[in-house]
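The domain 'Photolyase/cryptochrome alpha/beta' feature in TrEMBL is assigned to A:1-123. Per TrEMBL, FAD binding site is recorded for A:212, A:224-228, A:263, A:266-273, A:364-366. Feature annotation from TrEMBL assigns site 'Electron transfer via tryptophanyl radical' to A:298, A:351, A:374.
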DNA sequence: TGATAATTCAG
DNA sequence: TGAATTATC
């Protein structure tokens, strides 16, 4: 038997790994697949992050007597060829959600390779949270209620093998070792998963969780957990996070206390979108969830898309957010909603273009959540906001970045603009004769009215 | 996980 | 007159 790591680069709560240990498996593989990653538009920083964690895992597995080989297989077809030719005909894996990955696994089975499959990417197994008519929920809140109720009733198992639990890692040399020129693309700023488990998660629980509800929407404050990149590559498991949360807040499945629950709520959104993709696998082919929106003639002018990508829309909160994405490979969640609304509603650009750009840039790219979020913003999605809910980028900025601290960080040219004008500085700039910022690409009120008419006409 | 204009109501 | 509420997009 062979242990095959994919989107589960971790020791803690890894059912495939546990099974391998119990059965004395000593061989493991992980594929480095540049061509496939390219086909999925994967951001360089995410490739870097994956590579680092694969190397970390290789190092950690030595302690368990398992040899992890990192194998170059350019595409999924090459992975299939490798595994068909391999001596092992039983392969232990954790299931992957996305369509290409599922097809690859199906092709392997057809070729006579037996996959021993576990599910480890969600807390509640996909397919079990259904409404009264046996369908997937189409609205988040009832899904959340059913999800919580299911967990209160059934609980969940987190299995970490005793051998793993007793391991202690001394990683001083490792961090230097995994600085690879091939992949280096900014991920070195993110701590490795073992540091996250040892330090970052306990710190977050101790110091930020009680203030999460009030601070999570403020991009100038590091009020979020910063765990999304680890969840996205499977370096940290959602069950592990819930286990720790439950140990501190035994009533969290009854939505108490409120602030801590608002964090769990975000994890439930993650589950919602993964369950959704499980039920509607074709979402990955770019289809709109709500077919009513199938034939919207989105704006095709590349100038709008490029201005948005480069952070040159003339709306400071949007431009600062896009610079954060371009410079760091990550963007605060509140800002993701603001820039997505701006691209789809103010510029009327196809949400798929924004989805792709996020994919190309984000360290924490998760297909299900990204697609779900974009369709939510565009109004085409499952439990989407109605098309007439259009974020006002100035109001949002005043609300969530009142002193402009975030804006000033990424738009230093606006550093000296008074708070009062920072959210839309054009009149102030005109009055003072400064030339420090480009004009607004569209005027809010007119763009809003245009968007309302546009959606109304094409629905 | 909105925004805005219209309307109501306290003072 | 301006805050609170409601209706509409």
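Note that Cβ sites are derived from N, Cα and C of the backbone, with glycine treated the same way.
Curation plays no part in TrEMBL annotations; they are all automatic predictions.
All features noted in TrEMBL, drawn onto the structure.
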{"residue": "A:212", "record": "FAD binding site", "DSSP class": "helix"}
{"residue": "A:226", "record": "FAD binding site", "DSSP class": "coil"}
{"residue": "A:263", "record": "FAD binding site", "DSSP class": "helix"}
{"residue": "A:268", "record": "FAD binding site", "DSSP class": "helix"}
{"residue": "A:298", "record": "site 'Electron transfer via tryptophanyl radical'", "DSSP class": "coil"}
{"residue": "A:351", "record": "site 'Electron transfer via tryptophanyl radical'", "DSSP class": "helix"}
{"residue": "A:364", "record": "FAD binding site", "DSSP class": "coil"}
{"residue": "A:374", "record": "site 'Electron transfer via tryptophanyl radical'", "DSSP class": "helix"}
Within 10 angstroms of the C-beta of residue A:298 (site 'Electron transfer via tryptophanyl radical'), the count of other C-beta atoms across all shown chains comes to 16
One of the recorded positions A:212, A:263, A:298, A:364, A:374 has its Cα closest to the Cα of residue A:351 (site 'Electron transfer via tryptophanyl radical'), namely A:374
For the domain 'Photolyase/cryptochrome alpha/beta' (A:1-123), the DSSP residue counts stand at 55 helix, 26 strand, 42 coil
Rounded mean pLDDT within the domain 'Photolyase/cryptochrome alpha/beta' (A:1-123) lands at 96
The most crowded of the recorded positions A:263, A:351, judged by neighbouring Cβ atoms within 10 Å of its own Cβ, is A:351
Comparing the Cα of residue A:298 (site 'Electron transfer via tryptophanyl radical') with the Cα atoms of the recorded positions A:226, A:268, A:374, the shortest distance belongs to A:374
Residue A:374 (site 'Electron transfer via tryptophanyl radical') sits from residue A:271 (FAD binding site) (Cα to Cα, rounded, in Å) at a distance of 16
Integer Å value for the Cα distance linking residue A:212 (FAD binding site) with residue A:374 (site 'Electron transfer via tryptophanyl radical') is 24
